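Undergrad: Okay, so TrEMBL annotates it like this:
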- H70, H72, H240, D315: Fe(3+) binding site (BINDING)
- H70, H72, H240, D315: Zn(2+) binding site (BINDING)
- R79, Y142, H175, Q243, T320: 4-imidazolone-5-propanoate binding site (BINDING)
- Y142, N317, G319: N-formimidoyl-L-glutamate binding site (BINDING)
- 62-381: domain 'Amidohydrolase-related' (DOMAIN)
Amino acid sequence: MKADCLLIDCHAATMAESDVPYGAIKDAAVVIADGRITWIGPRADLPPVQAETIERLDGRWLTPGLIDCHTHLVFGGDRSGEFEQRLGGATYEDIARAGGGIVASVQATRAASEEDLFLSARVRLEGLKATGVTTVEIKSGYGLDRESELKMLRVAKRIGREGGVRVCTTYLGLHAVPPEYRSDRSAYIDKAINDMLPAAHAEGLVDAVDAYCEPIAFSREEVSRLFDRAQALGLPLKLHADQLSDGGGAELAARYRALSADHIEYVTGAGVAAMAKAGVVAVLLPGAFFMLRETQAPPVDLLRAHGVRIAVATDCNPGTSPVVSMTDALNLACVQFRLTPEEALAGATREAARALGLQDQAGVLQAGRAADLAAWDISRPAELAYWLGKPMLHARWISGIRS
Ligand code: NIG
Ligand code: FE
């Protein structure tokens, strides 16, 4: 067998579903050709290979490249002032209702040039990459007018071309009502659905559509109108659901067979059952839970009991989750939500791929999938969720290209 690269002297946490924890293969070998994994298994079983390069990993662990399946990575400014206000007693909802919150980031994002947005996002991106991330989902939603939403999505696509990661873009026009439409929200919703979304889609800027379903944001009826239009355009759906209250968001996501329902701290048993039936992934966002000092965790036992797939993401955003480390997100998910380190890592690989519709392409180390890998200076996979802030990454590969 001919190959571009052969990795040996390593252990592989393949994250394939198996009875072996982490789908682990001790003393593994990985064969990469044309950007894909063409063979992986115990080195003892390795067939003869003629590889251009052979890399010895000195006993390090390999995992799938990590997938951050929910971020708002592109935005102007920051909201550290609101952080201080919240520590002084104000709630996230108080600040949003007083015209701060998302709307404050909208003003800063509209004012920023495309170049500035790219440069500031790239700094945050470096944090994610340093923690093994090879795929990032990036949402719009701080533009909230046609040009500014397109600007955000163009920046996200540019990150995909120049940033050294794969990018999935998500249109989040229903994130908040912008100030100029406060007295006419239905006019804004019409525009977001019938003007902004088709324009972004026509430019090839939209891989999925998301909305913020919450009393301080958009109702189920409003989100349904967006989802109908998105489905007519053939776009997959995601939903910020039941984060601060139970609004039936999970049921709505299930009704539309969305890829994922995200946050879901307040989801009910009926919502979880609906998600299970429709195969909706639960994306847990422990950074936002932590920063908002929330007390009601997502019902992880119930999700497990119903067999709902669980992903974990940073939710990197200026308001509720200024988190730029995927491994820190794993730690927060374990400590706050009691995921096991194995569940958390599956949530940042196999299940995150599913939450983006990439389950046949990435998220697991197996023959046929993209050669997106991370090599780590750890002696057990659980270390990835154990340390906070420790640099552990040795190398990343995207489509077999090492960095
Ligand atoms: O995922 N929940 C809505 N969106 C973000 C927060 C956005 C913001 O406050 O800027 C989230 O937590
Ligand atoms: Fe979010």
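From the backbone N, Cα and C atoms, a Cβ is placed for every residue, glycine too.
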Undergrad: Would you list, in sequence order, the residues of this chain other than Y142, N317, G319 that have their CB within 8 A of the centroid of the site's CB atoms, where the site is the one recorded for N-formimidoyl-L-glutamate?
TA: H72, F75, R79, I102, S105, G141, P318, T320
Undergrad: Quick one: of H70, H72, H240, D315, G319, which binding-site residues lie within 10 angstroms of Y142 (4-imidazolone-5-propanoate binding site), measuring between C-alpha atoms? Sequence order, please.
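TA: Qualifying among H70, H72, H240, D315, G319: H72.
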Undergrad: Going through the binding-site residues Y142, H175, D315, G319 in sequence order, which have a CB under 6 Å from an atom of ligand 2?
TA: D315
Undergrad: Looking only at H240, G319, which of these binding-site residues has the biggest number of Cβ atoms within 10 Å around its Cβ?
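TA: In terms of Cβ crowding, the pick is H240.
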Undergrad: Specify the nearest of the binding-site residues R79, H175, Q243, N317, T320 to H70 (Fe(3+) binding site), where nearness means the distance between Cα atoms.
TA: N317
Undergrad: Output the one of H70, H72, R79, H175 that, of all these binding-site residues, has the highest number of other Cβ atoms within 10 Å of its Cβ.
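TA: Of H70, H72, R79, H175, the one with the most crowded Cβ is H70.
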Undergrad: Near ligand 1, which of the binding-site residues show up if the criterion is a Cβ under 6 Å from one of its atoms? Options: R79, Y142, H240, D315, G319, T320.
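TA: Among the binding-site residues listed, those whose Cβ sits under 6 Å from ligand 1 are H240, D315, G319, T320.
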Undergrad: Per residue, counting other C-beta atoms within 10 angstroms of the C-beta, which of the binding-site residues Y142, Q243, D315, T320 reaches the highest number?
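TA: Most Cβ neighbours within 10 Å: Y142.
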Undergrad: Among the binding-site residues H175, H240, Q243, whose Cα is within 10 A of the Cα of G319 (N-formimidoyl-L-glutamate binding site)?
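TA: Of everything listed, nothing lies within 10 Å of G319 (N-formimidoyl-L-glutamate binding site) (Cα to Cα).
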Undergrad: Which residues, sitting 6 or more apart from N317 (N-formimidoyl-L-glutamate binding site) on the same chain, put a CB under 8 Å from its CB?
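TA: In sequence order, the residues whose Cβ lies under 8 Å from that of N317 (N-formimidoyl-L-glutamate binding site) (at least 6 apart) are T71, H72, F75, S105, A288.
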Undergrad: Calculate the distance in Å between the alpha carbons (Cα) of T320 (4-imidazolone-5-propanoate binding site) and H240 (Fe(3+) binding site), and round it to a whole number.
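TA: On Cα coordinates alone, these residues lie 13 Å apart.
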